[in-house]
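Participant: Got a structure for you, written out below as structure tokens; questions coming shortly.
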Amino acid sequence: MSEYLFTSESVSEGHPDKVADQISDSILDAILEQDPTARVAAETLTNTGLVVLAGEITTTANVDYIKIARDTIKRIGYDNADYGIDYKSCAVLVAYDKQSPDIAQGVNNANDDPLDQGAGDQGLMFGYACDETPQLLPLPIWLSHRMVERQSQLRKDGRLPWLRPDAKSQVTIQYMDGKPHKIDTVLISTQHAPDISLDQVRESVIEEIIKPTLPQELIKGDIKFLVNPTGRFVIGGPQGDCGLTGRKIIVDTYGGAAPHGGGAFSGKDPSKVDRSAAYAGRYVAKNIVAAGLASRCLVQVSYAIGVAKPTSVMVETYGTGKVSNEILTQLVLDHFDLRPKGIVKMLDLLRPIYAKTAAYGHFGRDEPEFTWEATDKAALLRAAAGL
């Protein structure tokens, strides 16, 4: 019987890197609302009292970037300079260029088939699904997301008014024979008001945030709870750490349970395969697992800049497949259009839906806008596999 520990982490919407992600995706949404064919690569930097907006944007949309940045910071809850940044008084610098014409000529010029739009860059992307949770997401990352999400809820509804926006979570699960067996360790670090004691923070976080989130069937023996291990977390947000778009790519995906191609998501329009192909990979993998064709599934897809057809597609099921990986790969090629424009059409991605993705995970969430979480091709795949 094999036994091991596996850990994943998440961060709250008030973490400085996530503040940057949400600003970038809020700007993307505002542009797509007016101009669905825009080319957007919106990067954000946050620091004490400062937001810098840079990148490449080609659009006909008329967008107030500074207002969007301030509104996003306000929505997150940074309305006091003592928290690390204040939406009312922070400086916002804007430095956008247009997309390079060298890139645009490979992305904009389609052949006879309008779906033959070239990829916006080279790269490799992964999608993953497993049967550890009803959402077909690995349990450690799913639990980590739910804990910081609950921290935000309790902060915003006033039940724990001393909570501040910045927080991190980390969950360690003991696995036996490849399946979650019990919860081993839970760590939460949360920003808080200066006048509350560490004992109060620890008791409230354990009782109000951690315990209500834990699956009862995995509580076996003592769980190690770690809350604010440094003893104090008053200085946080962009004051505690500089935040950058795209610096939480493992939090955004599978918590380290699957490989990552290295490309971030936030601030990028769907012509960027870093984002759209990763969403498509998740869609493919989730449908394979939902079809009962495997209990774990990894999909890799790769692209060349300016070329529509993927340079490779691979399916790996780690010995859990009901049919061979080669058969599954052919099923994917037969039933999913993985050209960039095909992905955009398949998942209806030219919509202002991205700000919601920028905190608490892009995957494993039951949101109506998240078309890549649908399992509408599971029955088709199962029938095509002869099961």
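Just so you know, glycine gets a Cβ as well, placed from its N, Cα and C.
This is the feature table in Swiss-Prot:
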type	residues	note
BINDING	His15, Asp166, Ala167, Lys168, Arg232, Phe233, Asp241, Arg247, Lys248, Ala264, Lys268	ATP binding site
BINDING	Asp17	Mg(2+) binding site
BINDING	Glu43	K(+) binding site
BINDING	Glu56, Gln99, Asp241, Lys272	L-methionine binding site
REGION	99-109	region 'Flexible loop'
Participant: Using the structure shown, find which entry in Lys268, Lys272 (the binding-site residues) has the sparsest Cβ neighbourhood within 10 Å.
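Facilitator: Ranked by other Cβ atoms within 10 Å, the binding-site residues Lys268, Lys272 bottom out at Lys272.
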Participant: Mean pLDDT, the region 'Flexible loop' (99-109)?
Facilitator: 65
Participant: Within 10 angstroms of the C-beta of Gln99 (L-methionine binding site), what count of other C-beta atoms is obtained when all protein chains are considered?
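Facilitator: The answer is 21.
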Participant: Under 8 Å Cβ-Cβ from Arg232 (ATP binding site), six or more apart in the same chain: what's there?
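Facilitator: Arg232 (ATP binding site) has long-range Cβ partners Leu198.
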Participant: What does DSSP assign Glu56 (L-methionine binding site), in three states?
Facilitator: strand
Participant: Let me spell it out: for each of the binding-site residues (Glu43, Glu56, Asp241), count the other Cβ atoms within 10 Å of that residue's Cβ, using every protein chain shown. Which one has the most?
Facilitator: Glu43
Participant: Looking at the binding-site residues Asp17, Glu43, Glu56, Gln99, Lys272, which ones sit with their CA no more than 10 Å from the CA of Asp241 (ATP binding site)?
Facilitator: Asp17
